[in-house]
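First the structure, in the form of structure tokens, and then the observations on it.
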Amino acid sequence: MVPNEMHQYTGVIQLLQHFGWNWIGILAVDDDYGHMFLQKIEPLLFQNSICYAFICRTPRKAYIDEYIQLLTVQLRYDQFFVEDKVKVCLIYALSPAMQNLRMIILVASVFSWPLLGKVWIITSHWNFESMSVQRLWDIQSFYGALSFTVRSKEPPGFQEFLHTVRPSWAKEDSFIQNFWEQAFDCPLHMSSINEDNKVLCTGDEKLESVPSILFETSMSGHSYNIYNAVYVMVHSLDVLLKSRSRCRNAIGTEQVIFQDLQPWQFHFVLKSIVFNNSIGDTITFDENRQLITGFDVANWITFPNNSFSRVKVGTLEPRAPPGRELTLDDNQIVWHRSFNQVLPISTCNDHCYPGSSRKKKEGEKFCCYDCVPCSEGQISDEIDMDVCMKCPENEYPNNNQNQCIPKVLTYLSYDEPLGILFVTLAIVFTLITVPVFGLFWTHRETPIVKANNWSLTCILLLSLLLCFLCSFHFIGRPKKMTCLLRQMTFGISFSVVLSSILAKTMTVILAFMATKPGSGLRKWVGKGLANSIVLSGSFIQVGICTVWLSTSPPFPDTDLHSLKGEIIMECNEGSVIMFYCVLGYMGFLAIVSFNIAFQARKLPSNFNEAKFITFSMLVFCSVWLSFVPTYLSTKGKYMVAVEIFSILSSSAGLLGCIFFPKCYIILLRPEMNRKKNLVRKE
């Protein structure tokens with residue numbers, strides 16, 4: 001009468017998982033029981049990602065010549081001895097078969113092989129005390145072993161019974177007499193005395209004086225099962241007899257015949273029998289007529305005198321919720337001395353720690369793997385992960401790739417140094433433009449101002465002022481309105497600036513060409529031509545921006561991928577083609593203005609703006625030609641900073657090259673601001 005073995009196997013699996021052991025050795029008896037054990041345990045190991053490095057089958061019983069043959073085989077089976085990664089061995093064998101293990105341990109101790117330093121997990125089938133040759137055993141190898149034992153309790157009076165047992169009780173019972181002779185190492189009869197001159201047993205020896213390695217006075221799980229089996233048979237027989245008695249009374253027969261009972265009739269009773277034994281334990285069976293009981297997990301402590309003690313360190317309760325059947329007290333467990341009380345590690349290879357994942361080794365069992373670092377943008381936050389995982393889009397891996405960190409929201413703000421610098425520059429250039437405009441307004445009647453078309457000068461200064469101010473649309477958190485106004489105000493303002501410069505250059509050239517005798521260009525000279533150039537040049541850009549806004553307008557967006565660790569708040573241009581159309585048209589106006597101004601550079605030097613316009617267009621084109629590759633190669637707020645820098649530097653270049661020379665004449669060289677300087681001296 002034994003409990004369901006599958007419960008014990010489940011406990012073994014949970015024990016291995018509890019300590020993280022997935023690379024073990026198996027020692028099983030070479031008979032039908034061992035074969036059934038392997039058939040049941042191997043699928044459980046596979047399902048729970050546990051591998052065995054080797055399986056050693058040991059004969060159930062062997063003689064000396066078979067021992068020699070076994071050792072020869074074991075010596076060739078070097079994994080059992082030198083597989084250093086296997087620190088845990090699972091044993092399934094009955095006591096006679098363990099003689100072979102004794103020989104293996106003996107050989108290992110002679111050659112100092114690492115077999116001695118292992119954790120032995122022993123199933124409940126091995127009754128260590130029942131072995132007849134344990135007096136010669138060196139059991140130190142089993143220090144720290146873990147064994148499953150059928151749960152047992154001690155019936156009242158059991159110890160008193162053991163203290164009074166004598167071999168004379170049952171002279172016909174050779175079992176007690178043989179045990180007595182082996183336990184006390186003395187013969188009971190004169191005929192058993194041999195040449196070793198052993199003294200006869202007195203029969204009054206005390207069982208409590210026998211070392212625990214030979215005989216434990218506490219009731220073992222096997223004995224407790226036998227004790228309960230007797231009670232089960234008594235209760236079952238009682239149920240059957242009472243049932244038959246009622247039937248016979250019903251038909252008027254009082255005689256109950258025991259011989260009429262058949263073994264199969266007990267099966268039905270065993271399914272439903274429930275009773276409490278003399279200790280108070282409830283005895284019941286499952287639907288397969290197997291005893292419903294738990295197991296205890298014991299930790300073996302051996303002593304130098306070859307005695308040992310088993311300390312209960314856990315329980316296995318089959319009726320517990322799935323996955324919680326096994327409970328262990330880790331603090332009570334002691335390990336083999338070779339482990340220095342450090343939890344043994346029994347794995348095919350080291351753990352793959354966070355930041356890496358497992359990759360199966362070709363030709364090896366699935367428990368053996370290589371550890372490979374996670375790919376860029378992926379993490380593993382647990383040990384032994386099969387695959388790395390990507391971080392959410394708003395997070396990114398840390399340097400160790402073992403956790404995801406929230407990305408930082410970035411944009412060019414007013415609070416950071418770069419934003420403060422651009423704001424300061426924009427304000428400074430604005431404050432410079434306003435006094436320049438005031439200076440020209442004050443001296444609008446002077447020859448130098450009149451000669452350069454006062455109305456175009458006003459338009460040019462106001463549009464430059466807007467260019468400086470439009471840079472504020474690029475600073476701060478992008479919003480729908482700022483995204484719409486950003487490129488539009490920039491494109492239109494610069495188009496007005498360039499159209500005004502083109503108009504001024506055309507006016508200068510036509511004015512000098514009209515002075516030639518018989519020239520028909522006099523009718524083109526005047527404000528009408530300049531205004532037409534400014535309006536047409538500006539309205540073309542307005543048309544481009546209108547198409548842009550109506551088809552694919554800019555909008556606030558987030559870029560989660562361009563920069564590691566950052567969420568870029570940006571204005572998505574909507575249509576990149578339209579954005580470059582705006583820039584392309586500005587470039588067209590700048591090139592045309594540069595070519596015309598370059599041709600007019602040899603006109604009379606006094607009050608001639610052509611050479612200043614040429615230089616200003618050279619600065620403008622240089623800035624925006626360098627802008628394109630720089631803009632494309634940067635991301636985030638630095639991309640915005642590049643555009644702001646281009647706007648401010650090109651606007652400042654135009655302001656300085658075109659207006660500062662005139663301011664110099666107005667303020668510092670007023671004698672040059674006379675009408676006679678308008679006439680070129682031959």
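Placement of Cβ uses the backbone N, Cα and C atoms for every residue, glycine included.
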**Per TrEMBL record, range annotated transmembrane segment [choices 92-115, 644-667]** = 644-667
**Complete:** Same-chain residues at least 6 beyond the ends of the transmembrane segment (454-476) with CB under 8 Å of its CB atoms are 411-414, 419, 422-423, 426, 429-430, 433-434, 436-437, 440, 444, 482, 485-486, 489-490, 493-494, 496-497, 500-501, 503-504, 507, 527, 530-531, 534, 640, 643-644, 647-648, 651, 654-655, 658-659
**Positions whose Cβ lies under 8 angstroms from the transmembrane segment (418-442), at least six residues beyond its ends** = 412, 449, 454, 457-458, 461-462, 464-465, 468-469, 471-472, 474-476, 637, 641, 644-645, 648, 651-652, 655, 659, 662-663, 666-667
